Amino acid sequence: MTTKAWTPSQIVLTLLGTAVSVVFLAPFAWGLFTSLKSETEAVEVPPHWLPEDWTGQAWTALFQSGNITNWFVNSLVVSVCVTSVVLLVSALAGYGFARTEFRGKSALMGLVMAGLMISPAVLGVPLFTTVQQMGMVDTYWGMILPQCAPAAMVYILYKFFQGIPRELEEAAFIDGAGRWRVFFTIVLPLSRPSLAAVGIFTFIASWNNFLWPYMVTNNPDLMTMPNGIATVMNSYGIQWAQLMAGGLMAGLPLIIVFVFFQRQIVAGVAHTGLAGQ
Amino acid sequence: MMATSAHTVAAPARARTAADSVTLGRKQGFQHGGWFVAPFLVLFALFVIWPLLRGVYLSFTDANITGESTSFVGLDNYREALKDPLMWDTLGHSAYFTLLVVPCITVLAFLLAMLAHHIERGKWLWRLCFFAPFLLPSTVAANLWQWLFNPGTGMINHVFGTETPWLTDTSYAMLAIVIETLWWTVGFSFLLYLAALQSIPGHLYEAAKLDGAGAWHRMIHITLPMLRNITGLVVALQILASLQVFDQAVVMMDFGPGPEGATRTFVQYTLEQGFTSYRVGYASAISVIFFVIIAAVALARMWLLRNREESAR
């Protein structure tokens, strides 16, 4: 690392990068410092960056009001369930479309492609009435299941499975392995990077999902982090220091995970994004 | 595989049986795949296809949120929608937002990726800084910026010494949401560009250097052409996502429509019709119109891609 020379162009670029990074990080800093002020200091005019009296009041108040831990657990339950179901279901379906023959396959594949254009933002109202008819409003099921049919993830894994050489599986079939065994013992282990990409992307999307949980839950005890913070904490006169503390609670887990698993997450997000090419 | 290699020198009759067993193995292995697809299809049918069909059906009715006493009204909802000034306004707001966000995000993502790609030291740190906002929930990012844009207590007016009424003036409100969106989502497109930059073979640049091409020429004649596909992808993904803007707009405007309704987006309008006015039939009709628009954008992109592939051949 130390062998790289500080050429003039590197110095300029590094300074530029630092300046841009400061702009990108400033909102985080503003949020963090606000959360460490008292509520009265937070709304002082003119504003100042650093707290004059550093205090953890907002953070203790946040935990005492009780809801936040509930929301955190709900977020965790929903994201973990969604991610596991999506991984299982879309790996199976991707493989089915890539490698097996069955009647109506190409028509179904076309339907899945059409599904790429549909989201809760587009069809929120009819989706809600459907879930309502199933009696799943204000339940975990109602939050989780509609997030579990992402056509995009099936498509990504379908593309990936098509790229695995068929000979590997054929050899196993001749040795007498059934197709489920081939899938679980040969295909899945080969697909670890793609599965990780899909899993990471799904977890981020689900953890941060606001629109659907917002539509399907009214009960504050059942809300997820983004939903609870946006609706409950924004509804009575906003207490900014507490709101910032809550926001950091919702955002920091993923950012901390990102610091440690940066390579995998970057690869995962790029991989899922690039699959649209 | 084992069978064929063992019998390559054997009599023709035996070689055929070996080949047969390969096809047999393939057939047995790859048939009846319906079971693999079944679990996904059940969920897909229940939560994607059924709501779509149901939305189309409801759009021809006067259904309300309780689902009681629904009657068929033919094309009335669609006729009303075409004459509804609010529908056109909100569609216009979402389109305006898209028009501002897409070019800005594409250029910014490209510039950030070039920067991170060319600085030799601390690559992970630049990546972390530019990408971190994308990891925040939409509502948290929106709250942060609502707080930054706050006229009296917010940092933005203070830092720039201005008194801009960012969130309360019709001409600034959407701009504030656009700025928030750039900060929050540029990291995703940035990563796509960075991955694309890293996959350009280095020997192209070396060859160009040997031919005496300067940095500017290398960028115009190598980098930009090699990034054409990724730019198409970034633009398409951003158009589709931006048309569906909702979260940041409502949170930054305290779940209201913004000053004089200036930031009421199309998605927000459909939800208001469905859940505030309880007009599920009408909300479904405008959702179907929206779906057609989204599908048209997606199909246009597929058509462009196919044309390009054919002309490349």
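Numbering starts at 1 and runs along the chain as it is shown here.
From the backbone N, Cα and C atoms, a Cβ is placed for every residue, glycine too.
Record features (TrEMBL):
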| type | residues | note |
| --- | --- | --- |
| DOMAIN | A:72-261 | domain 'ABC transmembrane type-1' |
| TRANSMEM | A:12-33 | transmembrane segment |
| TRANSMEM | A:71-95 | transmembrane segment |
| TRANSMEM | A:107-128 | transmembrane segment |
| TRANSMEM | A:140-161 | transmembrane segment |
| TRANSMEM | A:182-205 | transmembrane segment |
| TRANSMEM | A:240-261 | transmembrane segment |
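The stretch from A:12-33, A:140-161, A:240-261 with the most CB pairs below 8 A to the transmembrane segment (A:182-205) is A:140-161. Listed by sequence, the residues of this chain that lie at least six past the ends of the transmembrane segment (A:240-261) yet keep a Cβ under 8 A from its Cβ atoms are 31-32, 34-39, 42-43, 57-59, 61-62, 65, 68, 72, 75, 204, 207-208, 225-226, 229, 233-234. If you look at the transmembrane segment (A:12-33), the same-chain residues 6 or more away from its ends with a CB under 8 A from one of its CBs are 49-51, 244, 247-248.
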